[in-house]
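Student: One structure, pasted below without further comment.
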């Protein structure tokens, strides 16, 4: 504040340097550049800016030192900016930043130095990206972070010590990923953590050993995971008070499952498959157990649990599903004599899955490479190697071999690495993956083959890697999808084939990819997608086809994709959209990208079926002069209509009224008639001569008010509204 006052006293104002098309609030040192067409961070943002909002632009990459000119920033918002990569040192110089929002971008990987320099950061929001992997040390510089939000990404595995350096972190949000493997030391470096959200993942067993490191955590969310059984003393969390295991697949809970969590107060077991529970020995502090939505069998088998509830004074929520005489009765209303057995046999209890033996690596590190035993990380990056080195420690989990010259990967190239989870082979001049090349890598989840010279792949190359979930083949030489390659990959979730030269997608190309969720095909030359090409991928959630040669929406190929929530068709030469082109995915689609296509006409019924579920719609940089009625798009959070030459006549009046009711910045501008050219659709006065003008939303019934508002708006555009300290650059 002292610097701001000094600047004001010297007559240095942010208005003089406010970049187009931004808005600057000088009094509060805020700069807003919302939903624009910026492709690079402006270098003329006032130096004393404290809050910078860049939502809705198109940066793709945040380069090193991007914010060195604004060292006083405390809040930075980069949501919905299409960011795919954070270069090492991207945020250096932002030592005062406390809040960084990178939600809803396309970031796939966090490198060690991606977040370097943010030593004052308290909140980091990375929700809704496609982060597949976090490299060890990525959070090592964030000593002040209290909230880390990694929801809705593509994480499958958390290695040991991955959160090292987060000494004061209090809430870690990992919901809505695909986690099914957690290192036993994954949470070992989080002494201040109080809340951990792991709901909506793919955990098949309660990760007790990893959770035991969280002595201070008081709330644990594990709902919506396919956990079937909670074993004896499975949870040893000394401070835990609230445990959520709702909407899982629980069939049984051991009597002393929570005996080592003595502070547990609330246990939520709603919507599972439990027919009953045993008395929960050791859970002496329990106050409430929620069992609603379970098929409770209120027979004599439930009496011990019922008596324990009364004795321990625990409130139970739930109702009987059987026998018929007690169906619908609440547990609290039952009396022991009512719970009878007549030739009923207890269902067999599932047994806990056997623990897998762990092997410690005894081999030394290959010459010229670096091995870090504390994080099980091996690296031979950029060593000019021509052959893949061997004899890495057997417990290596991440192996970085980028920027070498291997040319080929021979059979059995990685012997003894049964615990390897992540393998990096980017930029290695690889032309061939020979059959059996990855054999023995039975724990491999991530395989990166970006920026090589691969043009074909044999299915046998993936023999022995049944856990592979992420396969990155971007920037290679494929002219078609390597058909049949995915038959040996039953757990494949994410497939990257961006920036190749694939010309079409044929039936059978994706055979075997039945679990695929995310398919990235941007930057190819795809002209045609066969109607059955995507049929094997019934669980597909994201389909990215931007930057191809499609001339129409591939409606027929979208049939049978009931989970598709994101469709990107940007930068395809689609000139016309007919009726009902999105009907096959209308019930699930949430994010639709139709920008930069040269789109000239959208049929009035093109969006039939779409409605409240749509959260973001991108239509910027097209050539149509009108758009269909979208009044039922009530869930919109983002609508981009910039650089569309709307014809602001009476036919556009419904759009004008609808936009005025939206609490969104949409950027719609009149391209014609001449008297309205360049005006915002919201502000154009050409609609005042239309039949029905003045009927509808409040504020349009009084022409004098409209003229006054128009004058006020004009003044603001000219920078003559000093009362609130705003100035807008004149483009």
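One is the number of the first residue shown, and numbering goes on along the chain from there.
Any Cβ shown, glycine's included, is placed from N, Cα and C.
According to TrEMBL, the feature compositional bias 'Pro residues' maps to 345-356. If you look up TrEMBL, you'll see 17-51, 364-398 marked as domain 'LRRNT'. Here TrEMBL flags 294-342, 645-691 as domain 'LRRCT'. Annotation comment: TrEMBL describes 337-364, 692-731 as region 'Disordered'. Residues or ranges marked as signal peptide by TrEMBL: 1-15.
Describe the structural context of each listed feature in the structure shown, including burial, neighbouring residues and relevant distances.
Tutor: If you look at the domain 'LRRNT' (364-398), the same-chain residues 6 or more away from its ends with a CB under 8 A from one of its CBs are 135-137, 159-161, 164, 183, 358, 404-407, 409-410, 413-422, 424, 443.
Across the domain 'LRRCT' (645-691), the DSSP tally of helix, strand and coil residues reads 19 helix, 8 strand, 20 coil.
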Student: Just to confirm my parser: what is the rounded mean pLDDT across the domain 'LRRNT' (364-398)?
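Tutor: A mean pLDDT of 88 is what the model gives the domain 'LRRNT' (364-398).
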Student: Using DSSP, tally how many residues of the domain 'LRRNT' (17-51) sit in helix, strand and coil.
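Tutor: Residue counts in helix, strand and coil order: 1 helix, 7 strand, 27 coil.
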